[in-house]
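Reading through the structure tokens given below for one structure.
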Amino acid sequence: MTEVITSIQDMQRLAHDFKHDGKSIGFVPTMGALHDGHLTMMRRSVKENDVSVASVFVNPLQFAPGEDYDAYPRDIEKDTKAAESAGIDYVFHPSVEAMYPDEIGVALKVGKLAEVLEGAQRPIHFNGVVTVVNKLFNIVQPDRAYFGKKDAQQLAIVEKMVQDFNHPIEIVGQDIVREDDGLAKSSRNVYLTEQERQEAPALQKSLQLAEKLYREGERESKIIVEAVTAYLESHTSGHVDEVAVYSYPELVEQHHIEGRIFISLAVKFSKARLIDNLIIGDEEID
């Protein structure tokens with residue numbers, strides 16, 4: 001049976017004991033509102049580690065004023081049952097007061113990797129992400145941590161943080177998990193109206209169009225971006241926030257495509273901003 005732990009000290013003691021006993025710890029950090037994407041990572045952690053921990057913590061540091069922090073769905077009972085169904089041993093569910101008892105005196109700041117894509121739209125977001133992930137890594141002390149490739153920029157930033165701060169942790173990227181119609185699973189999909197939900201699979205279809213152009217030999221980013229943008233504008237009622245082509249994981253904007261590239265898009269519907277991406281041109285990220 002899955003045990004819920006709310007105390008940082010209790011989680012640290014448990015992690016210390018597991019380490020002392022030579023057991024490997026797998027960790028899936030989440031903000032809750034669990035869906036099949038999260039559960040796929042949890043099942044993988046259970047398969048690959050002796051002990052598996054999932055965190056459920058809606059991190060205020062990564063939300064700017066006016067974003068959906070207060071509205072973000074919270075249901076720890078439902079999330080615990082879902083985590084238990086995936087075989088998770090422990091759900092770490094600290095309070096905001098436990099994680100941030102005082103005003104933050106020291107926080108991490110991401111460099112150039114956060115100046116593009118989502119980071120350009122949400123300037124404080126990734127600073128909040130790496131600060132909380134760094135804290136969670138210190139508390140849970142995992143051997144492996146699992147992140148979804150749907151947030152590929154986040155994955156690249158976390159991998160760089162682990163490298164720069166010498167965390168002895170293997171970062172495992174999990175393929176995007178999709179609905180039957182191709183929409184990437186996301187906790188924010190619940191915000192879509194019925195009409196928007198019918199339109200949302202166009203995000204993946206536009207990426208498939210980009211891949212088709214690439215496979216046919218197109219190497220000019222401008223042509224691919226224009227084709228994807230036109231497809232999204234004609235197949236959804238949302239506002240196309242961004243379509244861009246970057247190298248991966250360096251996240252340098254590409255004008256003429258060479259090597260591994262990351263095609264990223266964001267569409268803003270009435271109450272939800274959805275992202276999707278495709279990595280092509282070289283071996284997939286592990």
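Backbone N, Cα and C define each Cβ position, glycine as well.
Look at Swiss-Prot and you will find 31-38, 148-151, VAL177, 185-188 tagged as ATP binding site, backed by sequence analysis. In sequence order, HIS35, ASP36, GLY37, THR40, GLY148, LYS150, ALA184, LYS185 make up the list of same-chain residues 6 or more apart from VAL177 (ATP binding site) whose Cβ falls under 8 Å from its Cβ.
Among the features that Swiss-Prot reports, active site, proton donor is placed at HIS38, with the record citing sequence analysis. Within 10 Å of the Cβ of HIS38 (active site, proton donor) there are 28 other Cβ atoms, across all protein chains.
Other C-beta atoms found within 10 angstroms of the C-beta of GLN62 (beta-alanine binding site) number 21, with every protein chain shown included. For GLN62, the entry in Swiss-Prot reads beta-alanine binding site.
Under the heading (R)-pantoate binding site, Swiss-Prot lists GLN62, GLN154. Look at GLN62 (beta-alanine binding site): DSSP puts it in a helix.
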GLN154 ((R)-pantoate binding site), number of other Cβ atoms within 10 Å: 22
By Cα-Cα distance, the member of recorded positions LEU34, HIS38, LYS149, SER187 nearest GLN62 (beta-alanine binding site): SER187
All-chain count of other Cβ atoms within 10 Å of LYS149 (ATP binding site): 20
